[in-house]
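Student: Take a look at this one; I'll ask things after.
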């Protein structure tokens with residue numbers, strides 16, 4: 001195929017943003033991804049009220065209050081148990097999306113939210129701290145499923161020129177969920193002691209809307225054709241999402257991908273790891289998912305109020321400062337969403353991790369100098385805002401887009417299982433140990449996050465090619481044909497190369 005034919009084919013495969021595409025992206029993200037962000041931040045503002053509830057219940061049961069270390073441990077478990085549920089959800093999502101479809105999995109997981117919300121809402125009435133922990137575990141299970149299923153669904157219903165835009169919609173709603181938790185957690189709203197059970201259980205509201213409306217939308221066309229071998233349903237789904245247009249080229253592209261598969265059976269994680277032709281894709285998914293959670297963002301979201309308190313911010317001003325960070329998150333997320341199709345995936349990832357790394361180093365310096373230099377408190381707040389903004393620009397959503405783009409249909413569920421497992425394990429580690437790590441290491445705790453961010457940015461710069469405006473098959477062939485960014489020549493020794501915009505390797 002010559003260059004003119006390739007450009008013509010690319011135009012035919014491109015599409016425009018239709019109302020069904022936008023509505024499907026909104027509903028799937030509003031009732032799932034938004035809850036992930038909400039659950040990350042919801043335990044921040046009522047932390048002291050929940051600890052007081054734990055202490056009072058312990059005293060009622062055993063006649064003595066909890067000492068400081070056990071109380072911190074129990075509360076850290078409450079925070080981090082969310083990630084344990086997420087890990088479990090990420091491990092079973094492959095079976096679910098293969099059996100029920102992408103949209104079907106999102107809809108069928110919704111009742112978990114109703115159960116979790118009900119349990120946490122009744123925890124205070126029944127004097128049961130265990131119900132808070134169990135509710136967090138179940139809500140984490142739902143997030144573990146949806147955090148993989150939603151990007152997979154949106155990546156498969158979107159035309160290739162809109163995959164980045166739709167793929168970042170979940171990250172926008174994650175930021176909105178965090179912001180909603182910060183707003184509702186203000187003392188004037190639900191930030192009072194008597195309202196924290198209601199605050200935790202409000203997760204049922206967006207999921208209820210999703211549960212009512214999302215079933216009316218078609219399943220993923222790629223799932224219907226490649227996995228279910230139902231071309232008629234696939235054509236109907238394509239026309240529903242892409243409008244009344246000729247879908248022949250899109251169907252042919254999916255058939256080409258299906259024909260390129262040795263089997264339409266979904267591969268397991270073990271088979272994915274043992275496939276040497278996918279080595280760089282697998283390493284990339286592992287690295288960026290570890291980097292996403294070990295960048296320090298979870299420590300910021302889980303313990304924002306405590307970080308600002310250590311920075312010397314007035315207690316009366318902390319809730320409003322936290323809300324300000326939430327507004328920055330949304331602005332940064334929208335910036336990434338509307339620039340990803342122009343700039344590409346790599347620039348957003350690299351710039352996001354570099355900004356986060358610099359700001360983590362800045363927090364360390366500011367906290368060390370704050371007793372001698374009064375205005376260093378403002379530097380700490382600015383660095384926290386910078387970490388959040390850097391994360392929302394790229395690292396919040398691009399890893400999920402890349403997981404969909406770097407693998408063909410048969411390998412995609414296993415790739416989401418693998419990436420999700422590392423994502424949630426790191427989330428759990430940070431949520432559990434950060435309070436103790438901060439006590440022992442002080443300001444230098446953030447240097448660990450700084451090093452991780454810069455290492456991940458370097459990996460993306462050297463290894464990961466640009467996947468913008470490429471079909472899934474083109475991306476797969478691009479990785480299979482060569483080692484990304486590094487090649488060896490017997491005559492010239494090792495040469496570093498870089499992928500051009502069209503996936504060809506250029507020598508320096």
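Counting starts with 1 at the first residue shown.
Backbone N, Cα and C atoms are what each Cβ position is placed from, and that goes for glycine too.
Heads up, TrEMBL stuff is auto-annotated, nobody curated it.
Since this is a predicted model, take the numbers as computed values, not measurements.
In case it helps, TrEMBL gives these features for our protein:
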{"type": "TRANSMEM", "residues": "21-38", "note": "transmembrane segment"}
{"type": "DOMAIN", "residues": "25-468", "note": "domain 'Major facilitator superfamily (MFS) profile'"}
{"type": "TRANSMEM", "residues": "72-94", "note": "transmembrane segment"}
{"type": "TRANSMEM", "residues": "106-126", "note": "transmembrane segment"}
{"type": "TRANSMEM", "residues": "132-153", "note": "transmembrane segment"}
{"type": "TRANSMEM", "residues": "165-184", "note": "transmembrane segment"}
{"type": "TRANSMEM", "residues": "196-217", "note": "transmembrane segment"}
{"type": "TRANSMEM", "residues": "282-303", "note": "transmembrane segment"}
{"type": "TRANSMEM", "residues": "318-340", "note": "transmembrane segment"}
{"type": "TRANSMEM", "residues": "347-367", "note": "transmembrane segment"}
{"type": "TRANSMEM", "residues": "379-402", "note": "transmembrane segment"}
{"type": "TRANSMEM", "residues": "414-437", "note": "transmembrane segment"}
{"type": "TRANSMEM", "residues": "443-464", "note": "transmembrane segment"}
Student: Counting CB pairs under 8 Å, which listed stretch among 106-126, 132-153, 196-217, 379-402, 443-464 touches the transmembrane segment (165-184) the most?
Tutor: 379-402
Student: Could you check if the transmembrane segment (379-402) is in contact with the transmembrane segment (21-38), meaning 3+ Cβ pairs under 8 Å among residue pairs at least 6 apart in sequence?
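Tutor: Answer no: the transmembrane segment (379-402) and the transmembrane segment (21-38) share fewer than 3 Cβ pairs below 8 Å.
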Student: Find the member of 132-153, 196-217, 318-340, 443-464 that has more C-beta pairs under 8 Å to the transmembrane segment (106-126) than any other listed stretch.
Tutor: 196-217
Student: Averaged over the domain 'Major facilitator superfamily (MFS) profile' (25-468), what pLDDT does the predicted model reach?
Tutor: 84
Student: Counting CB pairs under 8 Å, which listed stretch among 196-217, 282-303, 318-340, 443-464 touches the transmembrane segment (21-38) the most?
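Tutor: By Cβ pairs under 8 Å, 196-217 leads among 196-217, 282-303, 318-340, 443-464.
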